[in-house]
Amino acid sequence: MAGAWSSNCCRGSSTGCMCCNKGKRNDSLLLGKRLSEDSSRQQLLQKWESMWSSTSGDASEGDTEKERLEEAAVAEEKPLVFLCSGCRRPLGDSLSWVTNQEDTNCILLRSVSCNVSVDKEQKLSKREKENGCILETLYCAGCSLNLGYVYRCTPRDLDSKRDLFCLSVEAIESYILGSAEKQIVSEDKELFNLESRVEIEKSLKQMEDVLKALHMKLWEVESKLSFAGSKS
């Protein structure tokens, strides 16, 4: 009886039963999470693109030539380093930046570091608008994370992508070179801190005790010598 009632609980209800409402809430939460993830990836791509678009291409109508050159100089001065999100090994940098692919959440680089290994097994691309492209999968040499793929063969209309490395935004992180303000202090220029001060004061106290002991020994010797001289 209970099973029959639960299977028909949604029928004839004007406000909707609890199981239906719960299912709708779960679907809504899942959709919101996916939209949030897609939005964050999109923002990351736009950030990388905006930081380095000034180094290539023409300036927009509202920008002056001076502003464009200044932005390009800043970009070249502080390039982005792309790291593996799994083990943080450097994979490449923005000096080899070509463009991004917003539809696939990928960035295209001309070259990558030795930390990127290439699987020589070739596969046909199943992506839209990439019919005829032959790809080779990219892996991190440190943690074997799947990073993306490299275009080995392309049809004539996609020749611009040939031999370019396509890194997935989900598999990489970025670091602005020179952004760290903290400097490493060498051993010969170590900062004077409370711990070193305590050690120095302890050493000085030990030296003071040694000097006092030597002073007492010297005083005893002088006393004996003066006593022996008075007897003679």
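Heads up, the Cβ atoms here are built off N, Cα and C, so glycines get one too.
Note that this is a predicted model, so its numbers are computed, not measured.
Taken from Swiss-Prot, the feature phosphoserine applies to Ser36 (among others), supported by similarity to another entry.
Look at Swiss-Prot and you will find Ser39 (among others) tagged as phosphoserine.
The phosphoserine annotation in Swiss-Prot covers Ser40 (among others) and is backed by similarity to another entry.
Across the domain 'Mis18' (79-177), DSSP classifies residues as 12 helix, 51 strand, 36 coil. Per Swiss-Prot, domain 'Mis18' is recorded for 79-177, and the stated evidence type is sequence analysis.
Annotated Zn(2+) binding site per Swiss-Prot: Cys84, Cys87, Cys140, Cys143, in sequence order. The Cβ of Cys143 (Zn(2+) binding site) lies under 8 Å from the Cβ of Cys84, Gly86, Cys87, Arg89, each of these being in the same chain and 6 or more residues away along the sequence.
What Swiss-Prot records for Lys161 is SUMO2 cross-link, and it gives similarity to another entry as the kind of evidence. Long-range C-beta contacts of Lys161 (SUMO2 cross-link), restricted to its own chain and to partners at least six residues apart, with a cutoff below 8 Å, comprise Leu108, Cys133, Tyr151, Thr154.
The phosphoserine annotation in Swiss-Prot covers Ser232 (among others).
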(request) For Cys140 (Zn(2+) binding site), write down the residues of its own chain that are at least 6 apart in sequence and whose Cβ falls under 8 Å from its Cβ; none is a fine answer. (result) Cys84, Gly86, Cys87, Arg89, Leu91, Asn115, Val116, Ser117, Leu147, Ala171
(request) Among the binding-site residues Cys84, Cys87, point out the residue whose Cβ has the most other Cβ atoms within 10 Å, with all shown protein chains included in the count. (result) Cys84
